[in-house]
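This report refers to the structure that appears directly beneath it.
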Protein chains: 2
Amino acid sequence: MNQDYIVPDNWSIIEEGFDAERVKSSESLFSIGNGAMGQRANFEESYSGHTFQGSYIAGIYYPDKTKVGWWKNGYPEYFAKVLNAPNWIGIDITINGEALDLNTCEQVNYFRRELNMKEGWYNRSFEAVLQNGTAIAVNVTRFLSLEEDELGVIKYDVTPINRAAKITFSPYVDAGVTNEDTNWEEKFWQPVAVKHSDNAAFVTARTFKTHFDVATYMHNSLQQAGNNVDIAPVDVKVTDDKVQFTYSVDAAQGQATSIVKLGGYTVSLNHTADKLVEAAQNVIDAAQAKGYDALLAEQKEAWAKIWEMADITIDGDVKAQQGIRFNIFQLNQTYLGKDARLNIGPKGFTGEKYGGSTYWDTEAYCIPFYMATKDQQVARNLLTYRYEHLEKAIENAVKLGFTNGAALYPMVTMNGEECHNEWEITFEEIHRNGAIAFAVYNYYRFTGDYSYIPEKGLEVLIGIARFWQQRATFSSHKNKYMILGVTGPNEYENNISNNFYTNYIAKWCIDYTIEQIAKVKEEYNEDYSRIMAKVNLNDAELQQWKKVADNMYFPYSEEHGVYLQQDGFLDKELVPVSELDRSQRPINQKWSWDRILRSPYIKQADVLQGFYFFEDDFNKEQLEKHFDFYEPLTVHESSLSPCVHSIQAATLGRMEQAYMFYLRTSRLDLDDYNKEVEEGLHITSMAGTWMSIVEGFGGMRVKNDTLHFEPRIPEQWQGYSFKINFRNQILKVSINATETKFTLEGDKQLTVFVNGKEVRVEPDALVTV
Amino acid sequence: MNQDYIVPDNWSIIEEGFDAERVKSSESLFSIGNGAMGQRANFEESYSGHTFQGSYIAGIYYPDKTKVGWWKNGYPEYFAKVLNAPNWIGIDITINGEALDLNTCEQVNYFRRELNMKEGWYNRSFEAVLQNGTAIAVNVTRFLSLEEDELGVIKYDVTPINRAAKITFSPYVDAGVTNEDTNWEEKFWQPVAVKHSDNAAFVTARTFKTHFDVATYMHNSLQQAGNNVDIAPVDVKVTDDKVQFTYSVDAAQGQATSIVKLGGYTVSLNHTADKLVEAAQNVIDAAQAKGYDALLAEQKEAWAKIWEMADITIDGDVKAQQGIRFNIFQLNQTYLGKDARLNIGPKGFTGEKYGGSTYWDTEAYCIPFYMATKDQQVARNLLTYRYEHLEKAIENAVKLGFTNGAALYPMVTMNGEECHNEWEITFEEIHRNGAIAFAVYNYYRFTGDYSYIPEKGLEVLIGIARFWQQRATFSSHKNKYMILGVTGPNEYENNISNNFYTNYIAKWCIDYTIEQIAKVKEEYNEDYSRIMAKVNLNDAELQQWKKVADNMYFPYSEEHGVYLQQDGFLDKELVPVSELDRSQRPINQKWSWDRILRSPYIKQADVLQGFYFFEDDFNKEQLEKHFDFYEPLTVHESSLSPCVHSIQAATLGRMEQAYMFYLRTSRLDLDDYNKEVEEGLHITSMAGTWMSIVEGFGGMRVKNDTLHFEPRIPEQWQGYSFKINFRNQILKVSINATETKFTLEGDKQLTVFVNGKEVRVEPDALVTV
């Protein structure tokens, strides 16, 4: 943890001073993205210190050959990896013949990074003295256009401070890149063609195996004293995967020279392969026509629109404010919901780790955020993503011995195929199926759009219900159905039996599917006939489902009055985390796996995750009992843990604890709680941060098509506000210690409940409670 | 399974007819070894069909970099692999200018392999017509000398049948070999030097990382019509890792030409690195002086000595006879007990699979065989091997969080370091520690040699007892000590709690260690003081051990009257194996791992393994109940399973079942039950086959320093006999349906019990019971 690294600011992420040790961490924290592409905050100029180079294109992946010790039946052959994409940002610089490299400069007198979240740009400025004695000031602004998602823009200014200087700018595009996490040190990109003309260059490369074609392009222009300089490259270097131009200018002492580099990708997901260069040229032409200032203005405007809907304000606590905005900003950089083929990777465009793009994180954590802050089509796209993968989920289940259309969605996927390979997770962390069903329910609950279920959702639900029925084992010994051999949300337990969360959501899935079948039969008979013809479901099978759901086993301790996380949990030595020596933590970095497994320590909400999803099935006293039993044993070593605990602590009125968990989730990366931010950001948990404010402090729930609030406020805050897109009307909620204010953008009166009391909110009128 | 492959014969393994599909399997089955080196039955001449090349040198290994998907704390960095050693057997042949290659010959009219177990040689003879129309007869005999364990001998005869022929023999030594199972496609051997003079050549190579130096040598001589031909190579090819000579001779039709190739290895384990070539030259000189016929005669004599002591005869059942002799033969080819640095690899010198050389197999299965058929020093050497590794076992435990001298022996090792890396096995299959302690007890029980315990064994026992005490968890819920998160002998369960076998042997280890501490204190006070000064053990710690042992938890079912294999076992669907569809088996090839884990199916004896080790703690009724409960759920997919079941079936008087299990263990490889013999033989389970006759049918036990027998005989047999070296006297036991005969080679009267009745056996006198 490092609380003094990022300068607190309401709207920006700011780093001051140059520290080579922080370069990789800052590369993560200052990452930018526009939903279609993104990149770590790598320097444009060459840098010989430690760095983790990363540029990423949404939907472009590489199926790396799986690496295992001992192969097990059912393992996937390939592991789809986030692919480090060709570099378009690079600009080598020399000053009076010496390469600019912050790692070898004589002095760095000033260094500042700013990620302006309000306006969507990243700036880096510094003053350095090179070994040849030339002092320069550099100011670089970079952004990825929200308007034109194939376009990135860099404006790189250099000013000699202490003498005149000959400056060379050598911008390049380079497909000769590799992944840090390649399993077999294979290359992922095959060069296809290079092309350049005037100040533009194009490198086309194709991914091996997946055969995605990508044209990486650049266009360069120079300015001095604010005026365009008409200049041609003095040198052009071309290899089969790289083009580099060199421009040379003379700058007087104190005179700024700028290179504006446009760049980015056109990809075969969106264009035919033979038109990629043409498409890129079109992007360049359009951008050139607008010019840098107009592009930046557009960018500010586009981000203003996002904030208009998604912003959460917090008064009186800059760090909390900065945290939530950073989270909302990164979520929007990662996924904008325009394309149902895409999803939300746990590291977004900020690192390689974890591979794949889609985990249960999407359904369990991200959907509420996107439902409430975007058009409902965005959430529907996320659901559709799974519908499109249903066939592959059925194939995946077949590999594991299931039949008759049972579907097991992959633990990690890019294209619907499983690409994770540890048996205890891939084969056993089956609760993911539950979250996918729950999201269907949650979408309808929030949006009121039932149409998704007869159109697509019911087929998904049936595949999932079939899986659970087949996966359950009848224990004649206990005369109950059990689910043996699973890993629950708490991944610090493997191959356990009767994980409460898994059993509970399995039963729920079956019950909910049976209900929806009945409803669709009743209300959407045409869809019903179509689906039944397809899935071949009969009454005998339904009875079998019901038998499993009605007789599901849940381990329970009479002594403690709690559901047990799994069979045998009470046999562990239940020593609370608070009694663990600090030197032993995080246990996942200090302990061998067997030791973690036999310990009582919980990585993230597990029983409590069930209480979060199915809150209405339990009373507050039960929640309190379970929270008090499990939270003290929880090490929160998953980024997904603090948010659920924050919400539940708030629900229980434990505001200090809720606030502590809130800071931990919202500033997880900014304050580097887990000492790993250099690997990339924790994107999916950022949606949990949003929930911890809206559902935790705001106490927002949807019940019977109506919004309910139980507003609470941490004592550190003077007030906070958020907006909710509830069924196509925008409700703004502002809360302080004494009152809650509502304003509504829309055209219909909205009834909400505040602490159980009905409140009518009229369009464009302020209501104070 | 393939019952018609190997021709039944009392003393030989015979294959008739050439089938390219069987080449790899036969390479395993006809493997030869002499304890110091060994090799698969690869052809000397080149062969372009499928083959698995393997030559191995005892104690020479390579620490291949571990390959895992996701790294876990405590994993070993290296995985010690059996190393494919340089090739000394190769002899390329041309006949009238065409290369001899059985894969491309026009016809193979005759093909026969024989592994003569009685005399210790392997012969291959065939007649083939080459594409150039020349028909030849080939007869090759190969053996690895038991007398001179650095020497191998090949006599390769070629006779042109249908015309005269120019024959070239091109023998070579070649260090440019690789392993089939390399993790990272690295080379394991670095060439050091090559040398040749006259008809001898030497290639010295060094293993990377481990830096073992090995000189691989050859010496060639030719004979025609039984007379030596004085001939020099017509060609010598030398590269940095290979020397190949070419000899050319003219042979009249019907005239045999032979090349006698001497070859083998001298290694830096036994010589200084700079003397390897000299040492090899000495081996050549000595062998040359003796000549081929004398060397072969020596070999026959050496094997006669082994059989004199180790043979088991079975009358009236050739397949059973062939099976047991194959098992005894392979055990003696693998390990002769001369060198305490060596151990018994599960594949011996017949394949690469499994890596490492030492598993719990040695202590649990092999030691009884070596104790009873060799000098007791051999078993003591096997125990000493673990004593020498005690420090590393303590280091291994430290990696997993244990302290204070607790020792966890590795699951798989070559040099004392763990080299297996699957958490569920490496970290959790801790019962191996129990077998290592049990072997100390078993050695004393059988040999009566207590001196090992004060000298070495007690330190091992203390390290192991400390491990168990620390590994146990106190369940305040059940007020018992438990062992959570283990894999028992049944590897089809992972991360289970309270595995009966593990808990039982853990308790036994502590109890036994406490007893031995008391005995050593009493009777070997000097050793006691030395050991206590070293291990720093006090009374408080002993009390802590006792608390764990006295309060160990054992899961038990009142309903079934059986100990449960582990917590929750009864929750499984207990469908017997007999009801499993044949298409589903072997389940380890057909099912995904999670499905195996949640099934009730047992890979090998687990609870029953405990009943085998601790037979006296249970009565026959209990054994029967447990056998009837567990055996029907057992798939016997471990080679170590049938032997224990054979013994117990015999004990229960179920001779048909015992016989069926006997065939399965004794002919596992000959009949290729598991369809994998091409990967190599199952050496360690062969000792289990020996036990199934001696302990199963013979009913031999040692109780109170006395041999007990309960002789039984399968109805398929007329009689059988075996010999036991019991405390330096040799007892021969011959059993038929009506009587048991004993003869004793020794000088003291021996009292044995037969079915509980005392029998006195005098030296050199026949006693019939």
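A Cβ is built for glycine as well, from the same backbone N, Cα and C atoms used for every other residue.
Annotated features, as they stand in TrEMBL:
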ACT_SITE  A:GLU491  active site, proton donor
BINDING   A:TRP360, A:ASP361, A:LYS603, A:GLN604  substrate binding site
DOMAIN    A:14-268  domain 'Glycoside hydrolase family 65 N-terminal'
DOMAIN    A:325-691  domain 'Glycoside hydrolase family 65 central catalytic'
DOMAIN    A:700-761  domain 'Glycoside hydrolase family 65 C-terminal'
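Contact annotation for chain B: of the listed recorded positions (A:TRP360, A:ASP361, A:GLU491, A:LYS603, A:GLN604), none places its CB atom under 8 A from a CB atom of that chain.
Of all the recorded positions listed (A:ASP361, A:GLU491), A:ASP361 sits in the most crowded Cβ setting, with the most other Cβ atoms within 10 Å. Residue pair A:LYS603 (substrate binding site) / A:GLU491 (active site, proton donor) shows a Cα separation of 6 Å. Cα of A:TRP360 (substrate binding site) to Cα of A:GLU491 (active site, proton donor): a span of 13 Å.
Same-chain residues that are not part of A:TRP360, A:ASP361, A:LYS603, A:GLN604 yet have a Cβ within 8 Å of the Cβ center of the substrate site turn out to be A:TYR359, A:ALA364, A:PRO489, A:GLU491, A:SER638, A:LEU640, A:SER641.
For the domain 'Glycoside hydrolase family 65 C-terminal' (A:700-761), the DSSP-based tally of helix, strand and coil residues reads 0 helix, 39 strand, 23 coil. In this structure the alpha carbons, written CA, of A:GLU491 (active site, proton donor) and A:GLN604 (substrate binding site) are 8 Å apart. In this record, substrate is bound by A:TRP360, A:ASP361, A:LYS603, A:GLN604; the longest C-alpha to C-alpha distance in that set is 16 Å. All protein chains considered, the CB of A:LYS603 (substrate binding site) has 22 other CB atoms within 10 Å. Here the Cβ of A:TRP360 (substrate binding site) has 22 other Cβ atoms within 10 Å, regardless of which shown protein chain they belong to.
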